Structures are given as C-alpha cells and as structure tokens.
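Here's the structure, in structure tokens; my notes come after.
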Amino acid sequence: MTASTEAAVVVLAAGAGTRMRSDTPKVLHTLAGRGMLAHVLHTVSEIDARHLVAVLGHDRERIAPEVARLSEELGRAIDVAVQDQQLGTGHAVNCGLTALPHDFAGMVVVTSGDVPLLDTATLTGLITSHGSGDAAATVLTTTLPDPTGYGRILRTQDHEIIGIVEQADATESQRTICEVNTGVYAFDIADLRSALTRLRSDNAQHELYLTDVVEILRQDHRTVRALHVDDSALVTGVNDRVQLSDLGKVLNRRIVAAHQRAGVTIIDPGSTWIDIDVQIGQDTVVHPGTQLLGATRVGSHCVIGPDTTLTHVTVGDGASVVRTHGSESVIGAGATVGPFTYLRPGTNLGADGKLGAFVETKNCTIGTGTKVPHLTYVGDADIGEYSNIGASSVFVNYDGENKSRTTIGSHVRTGSDTMFVAPVTVGDGAYTGAGTVLRDDVPPGALAVSAGPQRNIEGWVAKKRPGSAADKAARKALGDES
C-alpha cells in the first residue's frame, strides 16, 4: 500500500481549546513562527495522501481562512468538513469522512491539529506499519512519566491492545499506566465506518469517543496494533500555554541544533530563538540573545548579535548585525549594522554600507558603501553610493499630512545636524555644512550652508550673569581678577 494512492488524512481542529484561555483559536497559537495547525498541515502534506481533510468547528470562521492560505502555500487541496456540534472525537472523525468520496476504500489517518511536532517520518512509519499488516487499526502510543490528561492504553498480559480509556473514565489502577494514546491513528475505512455507527456517549464527558473504536473492533475480532513512539515530544498535544511553551522550547532546541550541524556557530542555544522557516549560511556566528524570526535569510560568514531581533530580514554574506531590531529589510553583503539600530520595513542597505549607533531607517534605499554612522533618522529616502551622512541628521519626511521623499546622490558628504526637509534632492558630490536646514535642491558639487554668520557678543556673561561661576571663570581666563 502506498501513501500517495491509498491514504486520506483527517486533521481534527474543531475543539474549543478552553484551557488556553485565549480569544485566539487554540490551533492558531504559534511555535517557531507557525501556528500549530500550520505545523500539522505542513507535515501531513508531505506524505502525499490522496485526500486531506481539516475538521473545523469552534471558531471555524477564523480558522478556515488559515486553512485556505495553507492550501495555496502548500499547493494542494485541503477539504474542510464542519462539526457544528462538539459531540466528541468520534463524531468529529465521522464529520471528516463525509468530505471523502463515497467510493474511497483506502486507509484513513487521523491526527489532531494541536500536535505541532509530529513529523513526516513518524507518519510515514505509521502508514507503512498499518499497510503492511492485517490490522483494522493502528494506534500511535508513547510513554510519559506523567500521563495526566491522556487516554491510557489497555493491554492483555500478552501485550495485545484491548482498549483505550480516557482520563475521566479511568480507574485509579488504570491511571497508573504510563503508556498513552497520542490521538494519531491509521484505520481501514470500512472498519472505521462500521465502528463509528456503534459509538455510545455513556461516559464521563457524554461524548462519542474515537478511542472506543478500538474496543468495538476487538469485539468484532479485528486486529488492533500499536506503534510506540520513543520520542514523546513528536506526539505531544497542546492544551494550555504551559504545554505550548514547553513544546516551543523543545522545537527551538531542535531547530538550533539543526543549524549547528549545518555549519552555523550558535554561542548560546538557550538564549537563541530561531523560527522554523529561517535560513542561515555556513560559518555564520550567532551570539546570545538573538531572535531570527519569520522568513529571515542570513548569508554565510555573518556575525549576528548579541541582543538582535530580525523578522523577515535578508542579510547578505559577510555582514555584521549587532544589537539591532529589524523587520522586513535587506542588509547587503559586507554591511555593518549596529549597535542600537532600528530597521523598519522597507529598509534596503547596500553592500559594504554602514548603519551605526542609534540610527533609525524606514522605507529607504541606501547605496553601496554609504555610511550613516550615528544618531540619525532616515525615512522615505534614496541615497546613492559611497555617501556619508553626518551625525544627528534628520530626514524630515512628514509635514503633518503627507510624506515626501528625499533623494541624495553618490559621493555626497553632509555635515552633522543636517535637516533634509522633503521633498528635496542633493546632487552627486555635493556637501552640506553642519547645522544646515535644506529646503531647496542642492546642485551636484555644490556646498549648501543655511546658517548665517556667527556673532560673538563680547562681555555678555559679565552683563547678564554677574558673579556667576561662568563670570568668574571668564574673568580669570581674561586675567581680570577684579
């Protein structure tokens, strides 16, 4: 049996998730830059099942758009089945089966939308194990030191599975069992359909439990097998924010380790957070306190951090980014950024450029080799190559109603405290004096100076601040001790 021709996957995402205590649907809470449901759908899409169904119920009007987005992103159809009333997992699976063609006769894989670390290898192993035998159902199990909240696996003395008992219905003796149901199964569809029609809700939660299918199949003298997963994190579900945080740490450690094995030096894995879609080139060094988020792309031989957060930022080979907060920006090869630099969306720094201490940029293009060393705001601007912007300069882009653009050419040198009142253009090779307020265009090669001649008013301190410390110091410097 092959997964691509014989399997359908049903993902259960209909529950209310009340223990999350959140306005956000549980399956949309994120780990490593992806929602839990996105993690699961990414995984199940990789096994190339013939049909993929998401069962939605509570908050489906908010979850359905995410399913549609993922369907487009993954390039495959994801059917949506609706569970209008939350009557239990058995009822949810029955709703999911209604989305399959009536003549589908293959294997049905069932998983939950809140098992974010489930991987392709584990699912493939389940499908292979189930397809190679005569079992009507195969259950993924794992062993937990604290199984509280999970259904327990009931076995005979010969270790055959005879049932699954939910926590609420378990006896004290059964609650000591540490082998648990993960909520991931493979079924033959005919046996599954038959068993679902016989589910009863006479249990502690008055629901139709999918787990009761195991006992029904055993009563039908059908074989039920278990496939044990040693790495319990792969099949651990999330019910509250503590579990979300715990699994997030596990996933982050695995992401960090994968980058390390691929040739990235990460000084302190415990303080470094890297989202699942981030790419990092070989021989890059990541220092403590760094977060690389979203679709960030970092080249080879870079230095990132410490204390740096980059979200959807592309960093070229050999760049250095220190104590910087950046989003939706591009940093060119060999460029230097930081410390204490703020890159807002739309920043594009060219190769070998520099953005130094306490520089903020937004919606700007800064050319190759251009330097903005310190204490400057650059917004809505285009700067050419190999220019230098003096300290404490401001690109004055907003008049209270409209934002305008500033254009600065190549090989320009601007003095400290230059104000660029947009819209304004500074031509190639031009200079500005310190303290200049530019309201008019500057021709190529010109020097722009807006400040008037300096006036020194002799004796002003003696007249206006007589007897002050300044007056005494001035008199002493002038040799007037009177």
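Along the chain as shown, the residues are counted starting at 1.
Just so you know, glycine gets a Cβ as well, placed from its N, Cα and C.
Site annotation (Swiss-Prot): acetyl-CoA is bound by ALA391, ASN397, TYR398, SER416, and the candidate from ALA430, ALA434 recorded at this site is ALA434.
ASP114 (Mg(2+) binding site) and ASN397 (acetyl-CoA binding site) are 46 Å apart (CA-CA, integer value).
Nonlocal intrachain contacts for the region 'Linker' (242-262), taken as residues 6+ away from its ends with a CB within less than 8 angstroms of a stretch CB, comprise 20, 29, 31-32, 116-117, 233, 236, 269, 272-276, 278, 280, 282, 286. Across the structure, ALA434 (acetyl-CoA binding site) and HIS374 (active site, proton acceptor) are spaced 15 Å apart at their Cα atoms. Between TYR398 (acetyl-CoA binding site) and HIS374 (active site, proton acceptor), the C-alpha separation comes to 21 Å. Within the group of binding-site residues (ASN239, ASN397, ALA434), the Cβ with the highest number of other Cβ atoms inside 10 Å belongs to ASN397.
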